[in-house]
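These come from TrEMBL:
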BINDING   Asn152  substrate binding site
BINDING   Cys173, His205  Mn(2+) binding site
DOMAIN    200-231  domain 'Glycosyl hydrolase family 4 C-terminal'
SITE      Asp114  site 'Increases basicity of active site Tyr'
Amino acid sequence: MYKITFMGAGSTIFAKNVIGDTMCCEPFHDAEFALYDIDSDRLEESYIMIDALNRSINGGKAKITKHLGIPERKNALAGADFVVNAIQVGGYEPCTVIDFEIPKKYGIRQTIGDTLGIGGIFRALRTIAVMRGFAEDIEEVCPDAWFLNYTNPMAMLSGYMQRYTNVKTVGLCHSVQTCSAGLLDSLGMKDKIEGRRDLIAGINHMAWLLKLTDRDGNDLYPEIRRRAKEKNAAGKHH
C-alpha cells in the first residue's frame, strides 16, 4: 500500500483535485493519504471533503488521516512514498499584497510574484525556510520518498531541494500543459488542439514554445504567426 502525504492540505480545492485524480488510479485505490496543515479549520474542511470523496468515488478503500501542526509533521511524513507540497507561507497578504507593494514602492512593477524577480525572491526566501524543515524530516522518516513540488516560485524552490538536500524532488506545474492549447484557442485554432505535439523549454511561467505541430506533424507556427500579426494589427489582444 502506498502512502501519499499532502503538505498544505488546507488548500482544499487543490488537494481535492489532486487526491481525487490519484484515487481514480488503480494502484492508489487503497493508498493512505496523510493530510498535513498548520490551519486547523482548513485542515478539517479538507479532511471532511476528501473523506467524502473517498467514500463516493473509491468505495472508502483509501485511508485518510489528518495531521495538524509541526508536532505532527513527522507522523504525517513517516513512511511516505510520495510527498506533495502545496504550501503558501504567510497566507494571503504577503504573497498577494506585500510582494507587490514593496517593489512598487521603489518603482519595480510585476504582474505576479511567483516566478522570479523581487517578489519571487521574497516568496522563495520565506518558503525555503519552511521547506528546509520538510527536507530534514523527510531525510529522517521517509528518505526514499519522491517530493512533488507544486509550490511557487517553482524553479527556485525545486532548485533548492535538488541542490541542497538529499530529497528526490520533481517540480510540477500545469502551465506547460496549457501553454500551447491557450495559444491556439486565442487565435481561433481550436481544431488543432487535439493531437498536437509541442516542444517547450524554460521554467514554469517563463517557457519558450520551440516547436508546435498538429496531429499529422505539420508545423503550426506559420499560421500562428499570420493570425497573431492580424490580431495585433486589429488591436485585439485578448
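In case you wondered, yes, glycine gets a Cβ from its N, Cα and C as well.
TrEMBL annotations: computationally assigned, not manually curated.
TrEMBL feature annotations superimposed on the structure.
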residue	record	Cβ neighbours (10 Å)
Asp114	site 'Increases basicity of active site Tyr'	22
Asn152	substrate binding site	24
Cys173	Mn(2+) binding site	19
His205	Mn(2+) binding site	19
> Could you count the residues of the domain 'Glycosyl hydrolase family 4 C-terminal' (200-231) that DSSP puts in helix, in strand and in coil?
Replying inline: 11 helix, 13 strand, 8 coil
>> Using only C-alpha positions, which one of Asp114, Cys173, His205 is spatially nearest the residue listed as 'substrate binding site'? These are the recorded positions in the record.
In response: Asp114
